[in-house]
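What follows is a set of notes on a single structure, which appears directly below.
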Amino acid sequence: MPASLCVVSDSAPTAAPVRHSVNEVDCRVKAHEWVNGQYRLLTLSAPCSVLDCQPGQFFHLLCPQTDRFHPYLRRPMSIYSCNREKGELTFLYKVAGEGTGALAGLETGDVLNIVGPLGQGFEIRPEWRRPLLIARGVGLATLAPLAQECARLRLPLTAICSARAPDLLMSTNLFRSFGAEVITVTDTEGNSDTESLTPLIEGLIRSRGIDAFFTCGSARLMRMLQEIGARHGIGGQVALEQHMACGIGMCQACVRPFRREDGAVNLRVCREGPVFDLQEVL
Amino acid sequence: MADLTTRIGALVLKNPIMPASGTFSEELAEVFDLDCLGAHVTKTITQGKRAGNPVPRVCEVNGAMLNSIGIPSKGAEWFLQNTVPFYADYDAPLVISISANSADEFARFAEEVSVPGVAAIEVNISCPNVEDHGKAFAMRPGPTGDVIRKMRSATDLPLWAKLSPNTGEVVEVAQAAEAAGADALVTANTMLAMAIDSATGRARLGNVMGGLSGPALKPITLRMTYQCARAVSIPVIGCGGISTVDDVLEYLIAGARAVQVGTATFISPTTMPRLIGELEQELEERGLTSVDALIGSVDIADEAITLAEYA
Ligand SMILES: Cc1cc2nc3c(=O)[nH]c(=O)nc-3n(C[C@H](O)[C@H](O)[C@H](O)COP(=O)(O)OP(=O)(O)OC[C@H]3O[C@@H](n4cnc5c(N)ncnc54)[C@H](O)[C@@H]3O)c2cc1C
Ligand SMILES: Cc1cc2nc3c(=O)[nH]c(=O)nc-3n(C[C@H](O)[C@H](O)[C@H](O)COP(=O)(O)O)c2cc1C
Ligand code: FES
C-alpha cells in the first residue's frame, strides 16, 4: 500500500451497531417528474421497513443500466420526503452524470433497488428555538424534511433559498407550506454572494433572534456561516457530501477531516454524517 | 440438504462464503445476521495508528471500481479492545488481516494479535517492504517466504497468505508461501490500476493509482486460483469479482476451497447471504451432496492447451 500522505487519522467503528436497521429493498416508481430543466422528483412506493427515517438521512440508490449509462457503484441521495401512511419515499435530484442520467430514465412502474435509511440526520437541540435554514442547489432537497420537522415542533422558521437563476429555485412553496418565512437569492440577481448574504443574515439574527444555522449544498455558504456563527456564538449543523462506495461505513472511502477535542480526525460522511456540527468541519 | 462445509487446514467453515478484507465491518450486522457467513475477515490493520490516503479514494470504471483507501488503522490496541470482542458473539471464525513494513515487524505483530477469539491471520503482503525499496512483499517469492517463515515461528495460528495479481511470478510466490509454512493462500488482492477524467485531465483518485476490484478483475484472479491450486497442496481461497453464484462455482471448479466476496457487498449488501442460499440450491440441482465434489473439477479438454500460446 502506498505511504500515507495525510496527517489525519481515520475513524473506525465506534458504538456497537443496532441490528438490522438498514434494509435493501426493491421499490416501484410511483411518479417521476421534471421540477425544472435540471431537477427531477422521484416518488417511490416503499415498504415500512425503510420508512423509519430522520431528516438529513439518505438512501443509496442502485441506478439502472441503460443503453447510454452504465453506473456501477450506488449513488447517495437525501430523503426529500418520507410518508409512512402513504408508504411513500421521495428524492429530489439533479441530473448530473452517469448515475443520475440513468436514474432519469426510470418510468412509473419500474423497479429501483435502494439501501437505507443511512447515516445520522439533523438534531434540533432543545435550546435551538429560532432556526435559520440556508440551502443552495441540491441542498434544498436535504433541508426540506428538516423544515417539516421544525413545523412539527412549532418552531418559527426562516429559510434562505439560493440558486444560480430564479427558474432553478425549488421547494420555496414547500418551505412556505411548512410555515417558513422564505427569502430567495440568485446569482443572476446578484444577491447570493457572501458579501450580500452576511449583512442579510446578521440582520436576521438581530430582528428574528436566530439561534441556530442549518445548511447544505455549498462549501462557500458553510464557511460564511462558520464565521458568522463564531462571531455571534451561534451553533448549527451542516449536511456534507463525499464520494462513497459502500454507504454503510465499511470501506472508509467517504472520510473528511473534522476538529475534535483531541485534534483533527477523519470521520465517515456516510456513517458519522452526513450531518455534522457546523464548527467541527475543517 | 447439500453439505456446504469446507475445510481450510484445521478450520472447518460451515460454508465457503466469507467477506474480503476491507469490504466488511461491524456495520454489516445492521443488514443481516453475520453468523450465516463461513468466516469473518476484518480490514487490514497495522500495529500503530495510521492515516489513509487523500480523497477521492474510490471511483468507478466500466464494470469495476478503483480504490486507494490505503490502510487507515486505529492500531493494534484499539483493535484488540474493540473489534475482537465484537466478533466474539458469533460462531463464525474470526480471521484478522494484518500488514507491516518488514518481515520482523510482521512476526512481532502476529504474536501480539494471537489472542483468544482470533481463529486465523490473513497476511496482507501487498504492501511496500521497506527493506526492498518499497516493492511489495507479494511481488517476489523471496520476501514472501521471509514474511511467512518469521510469522510461522511467532504464532501457532493458521496463516493465510494473500497474494497479489501484480506479480509475474504467481506460482513461485505461492510455492514460497507454502514452503515457509502458510496454511492457505488467498487469490487475490486488487490489481494496480489508474483512471483519468478526459474532460479535466485529472487523475480520478486522490492517490493517482489504486486497486482494481469487481467483475472486471475476475478472469485474472480466477486464473491465479487455478494456477495456485495446481501448484500447491494447501487450500486456496478464491477472491476477485465474485457477485453471482456462477462466479462462486467457477472458483470452486478452478480449485478454490472457499471464496471471498468484496466489492459486490458495496453494490448489494445482501450479496453474501444470497450466495449461500443459491449455492446450496445449485448443488442440489446438480445432484451433488457437498461442495467437495466440485472443488478442482475443471474440465481441461487437452492438457497441451494450457501450454499453448496465449499472447
Ligand atoms: C449524503 C448525500 C446526499 C445527497 N443528496 C442529494 C440529493 O438529495 N439530490 C441530489 O441531486 N444530489 C444529492 N447528492 C449528490 C449525488 O449523490 C451526486 O450528484 C450523484 O452521486 C452524482 O452521480 P452521477 O453518476 O450522476 O455523476 P458523476 O459525476 O458521473 O458521478 C461519478 C461518481 O462520483 C460520485 N459523485 C459525484 N458527485 C458527487 C457528490 N456531490 N457527492 C457524492 N458523490 C458524488 C458519484 O456517486 C459517482 O460515484 C447527495 C450526496 C450525498 C453524499
Ligand atoms: C475499498 C476496498 C478496500 C480494501 N481493503 C483491503 C485491505 O485492507 N486488505 C486487503 O488485503 N485487501 C483489501 N481489499 C481487496 C479485497 O479484499 C479483495 O481482494 C479485492 O477487492 C478483490 O475482490 P472483489 O473483486 O470481490 O472486491 C480492498 C478492496 C476494496 C474494494
Ligand atoms: S462509503 Fe464506505 S465508509 Fe462511507
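Using the three backbone atoms N, Cα and C, a Cβ is placed for every residue, glycine included.
What TrEMBL annotates here:
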DOMAIN    B:4-283  domain 'Dihydroorotate dehydrogenase catalytic'
BINDING   B:SER21, B:LYS43, B:THR44, B:ASN124, B:LYS162, B:GLY214, B:GLY240, B:GLY241, B:GLY262, B:THR263  FMN binding site
BINDING   B:LYS43, B:ASN67, B:SER68, B:ILE69, B:GLY70, B:ILE71, B:ASN124, B:ASN189, B:THR190  substrate binding site
ACT_SITE  B:CYS127  active site, nucleophile
Task = Give me the Cα-Cα distance between B:SER21 (FMN binding site) and B:CYS127 (active site, nucleophile), rounded to a whole Å.
result = 14
Ask   = Where B:LYS162 (FMN binding site) and B:LYS43 (substrate binding site) are concerned, what is their Cα separation in Å, rounded?
value = 13
Query = Just checking the recorded positions B:THR44, B:CYS127, B:GLY240: which sit within 10 A of B:THR190 (substrate binding site), CA to CA?
reply = B:GLY240
Message = Restricting to the record's FMN-binding residues (B:SER21, B:LYS43, B:THR44, B:ASN124, B:LYS162, B:GLY214, B:GLY240, B:GLY241, B:GLY262, B:THR263), give me the longest CA-CA distance in Å as a whole number.
response = 19
Request  = Whole-number Å only: compute the distance from the Cα of B:ASN124 (substrate binding site) to the Cα of B:THR44 (FMN binding site).
outcome  = 7
Message = Restricting to the domain 'Dihydroorotate dehydrogenase catalytic' (B:4-283), what is the model's mean pLDDT?
response = 96
Request  = List those of the recorded positions B:THR44, B:SER68, B:GLY70, B:CYS127, B:THR190 whose Cβ lies under 6 Å from any atom of ligand 2, in sequence order, or write none if there are none.
outcome  = B:THR44, B:THR190
Message = Over all pairs within B:LYS43, B:ASN67, B:SER68, B:ILE69, B:GLY70, B:ILE71, B:ASN124, B:ASN189, B:THR190, the annotated substrate binders, what is the largest Cα to Cα distance, rounded to whole Å?
response = 16
Note = Of B:SER68, B:GLY70, B:CYS127, B:LYS162, B:GLY240, B:GLY262, the recorded positions whose C-beta sits under 8 angstroms from some chain A C-beta are B:SER68, B:GLY70, B:CYS127
C-alpha spacing of B:THR44 (FMN binding site) relative to B:CYS127 (active site, nucleophile), in angstrom = 11
Task = Just give me the nearest neighbour of B:GLY262 (FMN binding site) among the binding-site residues B:LYS43, B:SER68, B:GLY70, Cα to Cα.
result = B:LYS43
Message = Neighbour count first, Cβ atoms within 10 Å, every protein chain included; then name which of B:GLY70, B:GLY240, B:GLY262 tops the list of binding-site residues.
response = B:GLY240
Rounded to the nearest Å - Cα separation of B:LYS43 (substrate binding site) and B:GLY240 (FMN binding site) = 16
Message = Suppose we draw a 10 Å sphere around the Cβ of B:THR44 (FMN binding site). How many other Cβ atoms does it contain, all chains included?
response = 24
